[in-house]
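Annotated in Swiss-Prot:
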- ASP85: active site, proton acceptor (ACT_SITE)
- ARG11: site 'Important for substrate specificity' (SITE)
- THR86: site 'Important for substrate specificity' (SITE)
- GLN188: site 'Important for substrate specificity' (SITE)
Amino acid sequence: MDIILASGSPRRRELLSRVQLEFTVISVDIDETPYQDESPEDYIVRMVAAKAEAATVQLNRQLKNNDAHIYQSLLSKPIILLTSDTIGVLPDGKTVLVKPNNREDAYRMWQQMSDSTHEVWTAVQATQLSLQPKRSDEFNNEQVWQIINQQQIIERTEVTFVALTLEMMSDYWDSGEPADKAGGYGIQGLGAAWVSRINGSYTNVVGLPLAQTLALIKEMNDTDTL
């Protein structure tokens, strides 16, 4: 099955490209605001499911508008739609760290992570889509992408920070790197200087647990051949 990565993250694209996986990219936009008292697991599962739903709607809109020329090679067989979301979780197991809204928000998160260990969670959903007759229009031969199978995984990695000073936080924010990253840091960039130890998947902290994602894709492909 061909693969569509529904993500605007350049880091996820880079990780999949490293293993020479062929895939098409689309970007989706959803509201990523956590609900009040929503647990980290409930939040991250909701995010990847919402991204998959938004991507499916987008693919069907392009199909209806005959604007799917870049996906023509995908129209004759099922596809795997990959969606992913990464968050930080404080030691209390309840506080979700998403992308900082501004400098003050970033400082607040970093102060909570300073000289301590937090977790980075990434959820990945593989959704198998197949072209099926539109249920409400069975006599016009119109087809739409419909979900026929989906699986999720959640990977957790422990990350320990050094003690952070105000100068370190100020310099890092001014670098421009933190703004689009969960927890406000990038372990693959300047943020690596803050990390004294990790326990678990490094690529999970970057934004996609690579080995686990490839295993999920293989499992989905194997299921399709049964």
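Each Cβ is built from the backbone N, Cα and C atoms, and glycine gets one as well.
According to DSSP, GLN188 (site 'Important for substrate specificity') sits in a coil region rather than a helix or strand. Of the listed recorded sites THR86, GLN188, the Cβ environment within 10 Å is emptiest of other Cβ atoms at GLN188. The recorded positions recorded for this entry are ASP85, THR86, GLN188, and the Cα of GLN188 lies nearest to that of ARG11 (site 'Important for substrate specificity'). Non-local neighbourhood of the residue listed as 'active site, proton acceptor': GLU32, ILE44, MET47, VAL48, LYS51, THR122, ALA123, each in the same chain, at least six residues away, with C-beta under 8 Å from its C-beta.
Note on ARG11 (site 'Important for substrate specificity'): other Cβ atoms within 10 Å of its Cβ, all shown chains, come to 18.
Recorded residues GLN188 (site 'Important for substrate specificity') and THR86 (site 'Important for substrate specificity') have their alpha carbons 14 Å apart, per Cα-Cα distance.
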